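Written below as structure tokens is the structure these notes are about.
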Amino acid sequence: MPKRTDLRTILIIGAGPIVIGQACEFDYSGAQACKALRAEGFRVVLVNSNPATIMTDPDMADAVYIEPIHWRTVEKIITKEKPDALLPTMGGQTALNCALDLADHGVLEKYGVELIGAKREAIRMAEDRELFRVAMQEIGLECPKAEVAKSLERALEIQAKVGFPTIIRPSFTLGGTGGGIAYNRQEFEEIIKRGLELSPVHEVLVEESVLGWKEFEMEVVRDASDNCIIVCSIENLDPMGVHTGDSITVAPAQTLSDKEYQRLRDASIAVLRKIGVDTGGSNVQFGIDPQTGRVVVIEMNPRVSRSSALASKATGFPIAKIAAKLAVGYTLDELKNEITGGKTPASFEPSIDYVVTKIPRFAFEKFPQADARLTTQMKSVGEVMAMGRTFAESLQKAVRGLETGKVGLEPTGLDLSSEDDLVVLKRELKAPGAERLFYVADAFRAGFAVADVYALSYIDPWFLDQIEEIVAAEGRLVTDGLGSIDGARLRQLKRIGFSDARIAQLTGTNEVAVRTLRRVLKVKPVYKRVDSCAGEFATGTAYLYSTYEEECEAAPSDRRKIMILGGGPNRIGQGIEFDYCCVHAALALREDGFETIMVNCNPETVSTDYDTSDRLYFEPLTLEDVLEIVEVEHPVGVIVQYGGQTPLKLAKALEANGVPVIGTSPESIDLAEDRERFQRLVQQLGLRQPPNCTARTADEALVLAREIGYPLVVRPSYVLGGRAMEIVYSEADLARYVRDAVKVSNDSPVLLDRFLDNAVEVDVDIIADPEGQVLIGGVMEHIEEAGVHSGDSSCSLPPYSLSAATQDDLRRQVIRLAQALNVIGLMNTQFAIQSNDDGSDIVYLLEVNPRASRTVPFVSKATGVPLAKIAARCMTGKTLAEQSVTCEVVPAYYAVKEAIFPFAKLQGVDPILGPEMRSTGEVMGVGRSFAAAFARAQEAGDIRAPQPGRAFVSVRDPDKKRVLPVVLALVERGFGVVATAGTYAWLQQNGVACEVVNKVAEGRPHIVDLIKNGEIVYIINTTEGRAAIADSFSIRREALQHCVTYSTTIAGAKALVNSLEFRGTGPVWSLQELHKELQV
């Protein structure tokens, strides 16, 4: 049936900020849906609160709203834009929940908006655990034994029937939030209470354990005529009990017999028919008991998901694009498969002749207090995917793509001859953590048999055999040495995925020696195309991966090419913002007539969509892999400054190998990152830095620290995201840090800076062109004080409290720095501003990054100036004048960026902010005043507005004076105040009526008791020094558990309290309307 003609305007809801469980895969699906529907002539309206996405670019939809994804806000957009239909399946759990809210509150009916892609009943049946279970019984499919509970008492009754261990799954949450595995009653009660609190409908499923079973997923697409295809089968290497987002997964499934595969295929299609997913993609998860073959249905997602992004990238079949077209009436046989150049219809099931492995990326190093065991609640922050002709090849490529410093299945560091360490090894095999794969390899080194490892880990023996073979090959290499390797043996090693760097490690040589040998022996990779049909039809799409075979399918052109190196897997400190910049570079340079080549290995992103660039190499971002691609393609320029630290780390080595790195030179990048060289430059320019020094030994650090004075910010050199950075208040603190952190520094020195207390931090983004002209992109004033990592601080553009004179001073300093560093392209500079008693400001330069920064997308959305595109053109030789962009744009409205944190997912983590970055994503709010914009950003970040009740205040001495006006504003709004003794005395002295409450150490009833009893609605708590931070940890943690809004900085508290009156008020503006104001 052809497309519907009764629909004109379609509303798409995005997924909001990047959080654990919902990352940039929804930017990829949403961007695809926008493109597909506009190409069909529909008017598209988009709402998403995340400014770092490609889908919120003003040219992606006819009207783009960067607004909170809340049904009341979306209702305002519906009233204004009058859409005919709403497509809720492209924005993950967030969009589905919002669509259900709109339906339940009668909004869709009131405005005559039709849900397309998934009907309300289908969403309800798939997401409501009890309805789903009943539906499965009706079609003769089994689910694990389970019942739904809405209270702890009921949950305990069900638990008695299903026994321990028990799986707990809250309804309508994302990435298993609030769920877990309980092995005893105490754990069970804790997880149930948390799950009931975090489920929006306050219900949980209490389920029998299927731990250790094999887990499979089917990606299914169905159209309105009931045509169904399986796009891809996915097998989890980790057995049931680990969330599929945290599992290593492999496509296609490797250990299913044909009969079992057909059985799962039939079952998954039956599930879609029963649930009523009429059009679009869904993901169905199964568990199989390896002993009996019993099959159970675990769950299904009636929308595109993380797995469908993986399946799309693994097969080249664009699920989201096809799903969007099916939602408007097309059938699969009417749509063409673009990868085969339209030679096959979309109803032709993809088949692949290679193996794809996905490995998740974790961030436990950022959260040492978090429980690092993997369960049914997702904890990974990103993922990497690799392709190879064998499982071993794709596994080892994925390992080096993870960028955790490992170049293969390296030993974990256990002493395998020690009994104590073998106990640790067995525990690590049994209780999965982020590194289990490496412990499996260690088990084989320790002489374990496959059966022994299986008995502990329940990883299928087929996978274990492959890992054992890799370890055996390593052992032979260690014995024989590099000299014994001939061409045939080297080719065999490369075919099972060994990197040059790993071969060098095992043979005691270096990577250059191995590469030289490989060149002499003429062992080079070839590139194969992803074509969705296992080579049955020719493909014009250049979507490539490397392997060691005979025939190369790369067929490079002789056009002028620019290669863009992506950012690799998402992690804290390096996320979607960098992918956004890479995509913009590809789009701009393609428009300029260059052939664009993207190199990346992150399956979630828009950059790895095969039609973002002319040629896509799905490869790890290591020196070896990049050099091989350069050798085939011969680009005229390679861009390293857009993918964050990942490609920057390669800049010098690429240049040394004759690769044309364009933009700011690796020499200038090094000058900005090398502390001592940079300090000399700052002194030459007559700019001011906080007193600082560099220490190469622990003793030297303690001596120099006495000269600078405490408090200090200490960190290793060369880091991104503030890794291992800390504020220390005493010599004892510094001694402990130097003991622990010098390990991080790999013989590179420790940096000490005087910490500027109560300073305002400012970020400035600029572009410099080849002639040294500079365009100020934006000046952003941070809301949290200096000392909170810039990626974790909210910020406002334009600044809300800085004087015009200070802002002009910042602009002057930035221009001088850019010119002195010979920057071509983007540069980000951070300043701290301290006020003197006479009201004048002192400006301190904190750091300069001559690369894309994480604020680029936010600034671009706020000002309407596409910084990443303009800067990419500067790198290829165009001036700012030639691009007609020479004036800074300062909007008349305010835009506020707010950071989003993963604390709810990571039990036991202290949510206090500091110099180490811990946020996973961001949202943006726009308003006519700073307070209104801040209120909108808080709504978008789902930060509850405290309603009048009792506010708890406990602040460090230097903050007492500054907290007074905030407390007075709270009292004026009808809040009561409780405070700890010191703060209580200060408030009483200043005429504020309040009650005193015990600190936790002072006896009961104390403040945590009040929080647990629901008596506190808002918390202001600032601390300094390790002891005070540790003492007040339980306050912040309980606030998080009980969803009490809290502020850990005075500036944050002031902004929040002043914004309360603007919550839920004001009109909505599309980006197009806002940007039109700027052009006047």
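Placed from the backbone N, Cα and C atoms, the Cβ positions cover glycine too.
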From candidates Q186, Q254, Q262, Q285, Swiss-Prot puts in the same ATP 1 site as R129, R169, G175, G176, E208, V210, E215, G241, V242, H243, E299 the residue Q285
Restricted to the domain 'ATP-grasp 1' (133-328), the mean pLDDT of the model is 93
Judged by other C-beta atoms within 10 Å of its C-beta, the most isolated of the binding-site residues E299, E847 is E847
Residue counts for the region 'Allosteric domain' (943-1080) under DSSP, helix then strand then coil, are 71 helix, 20 strand, 47 coil
E299 (Mg(2+) 1 binding site), DSSP three-state class -> strand
Quick note, Q830 (Mg(2+) 3 binding site): same-chain residues at least 6 apart with CB under 8 Å of its CB -> E761, V762, D763, V764, S790, L845, L846, E847, V848
Long-range Cβ list for Q285 (Mg(2+) 1 binding site), cut-off under 8 Å, min separation 6+ in sequence, same chain only, gives E215, F216, E217, T244, V297, I298, E299, M300
